[in-house]
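Annotated domain 'Anoctamin transmembrane' per TrEMBL: 223-649, in sequence order. Among the features that TrEMBL reports, transmembrane segment is placed at 233-260, 266-284, 337-362, 374-392, 423-444, 456-478, 524-547, 614-636.
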């Protein structure tokens, strides 16, 4: 079967790890077949029925020197664990690296670290001693998340040399320059790659993050250290959004208590809503830039984007890299998008509108029933259509998400960024119409503000409850059951006992895979829409979203630490395409709130005889506010001034260093690195 390696599991208080000499209470190290000791960081799971020659070939490529086309990493096969028939997959391997290999990898991936003069610079191995936190042996210089990211990068860049196929699999073709791991994963020979949790660090993070309920800032530095910048930015945005909602909630409570039936007074709240939705997004850009600069991702050079694992096509030559890779005609992709994907999305939007009309028929029937014979039960029945519709919306959103992923995959986008942009666009359009179409219809067609307030409250509360159950509590309960089975099989109790390495790896291998922050940002996007579009009619919307976000912090932290596999760290300088999505929603909020102001009896009283003048005035005010919004976005710089100066100084120093090196080379003198 798979290649059998000599295994050795050692526990001791002081050990030489892959990233320096670290004191650990319960350190775990293993030795590869060459006897080199390392701490396991990443797990590779191959198919159970994989051919032995494929395993041998892959392990040799992972361990080979870089000069020979290998990754120069350390790897060991995981011992079989469990009892009876529950031994698990024998083809699981743990991967680590030497300290010097991780440092050279840090330079390869372009990590940016703080230099001795306080500036943020790209790390170079030859200049390592001049970086601030590099203390001789480098202990603590790289976080474990960064080490795991480096290993993942090195595995992803393993490329075929003169091989024509995977050994033992003549049908899985290779060609020079093809990513080996991507090809094996797309063909099912490689099941998964995931980073291991660090139990000590995870325990410390859990205690400071979610195990103790307290009103305080999140430990963003610790989150970034353990999960990486992309995850830390999401939780930073969640925290910022929650605090940004505080003024809306503070004003909304007395507004709801003393003026909620007087719809003439929602004009002032709508005006405040307009300013709020613009300012918070502009301020967030500055906060995001400050965080990204301190984390070294703002000035980090973007790496060349490789083709997606699922991308396929006729073999051709990439004009940029000069490597052979699949080529797929852009015309064919555009035909798939406009002749299949777009019509199908439009069909889904039509079905969503049809479901909405069914909901309104239910509302009319229930209201008529209540007016004929008003009782306590019929008054409760008034909320049933909205609750049913909210549940149906959630079901339709989730079903559509799978369809959108299938269509976007079928469109065969070459780059992951292009794939994500098309997927986000499909999902946002459908979710926006599905969640907000009924509210727009009630507000501007039926012009029933009482029903609008009731529908908004019901949709908001029901969706929040369903999201918490489906995203956190249900997965946590299922994972808890799996944990109990593993501990029972290992004959250990659940009270402060750690599993051996073998059982821990297999437990994490069975955990659900975290699919990224897409769904988390989507939820915040919809909540932002509920608040910015219609909270002037239902001022408690901001209060409900604040309460939801507080629980969201704890539930998301719980699922990241206990429910899902640890995701690989991803460098990020901002929230990406979601910034544009939120800004688009704020523009729609300007139009919506201006229309609501124009429909208010308080404003209509000034134009008793001419609706045309009222419409022209509202449109004029709307254009003025939109112009003010764009001017504000232009005036407020996205990056704070002091950070702009630091970035400009670093660029100037780089140019001067380049000039000096060219002068030395021209004079025939060796340049100093």
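Note that Cβ sites are derived from N, Cα and C of the backbone, with glycine treated the same way.
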How about the transmembrane segment (456-478) with the transmembrane segment (614-636) - do they touch, taking at least 3 C-beta pairs under 8 Å (6 or more apart in sequence) as contact? no
One stretch in 266-284, 374-392, 423-444, 524-547, 614-636 has more Cβ pairs under 8 Å to the transmembrane segment (337-362) than the rest, namely 423-444
Given the transmembrane segment (524-547), its same-chain partners at Cβ distance under 8 Å and 6+ residues beyond its ends are 237-238, 241-242, 245-246, 248-249, 251-253, 255-256, 260, 263, 266-267, 269-270, 273, 276-277, 428, 431-432, 435-436, 439, 443, 449, 452-453, 456-457, 459-461, 463-464, 578, 581-582, 585-586, 588-589, 592-593, 596
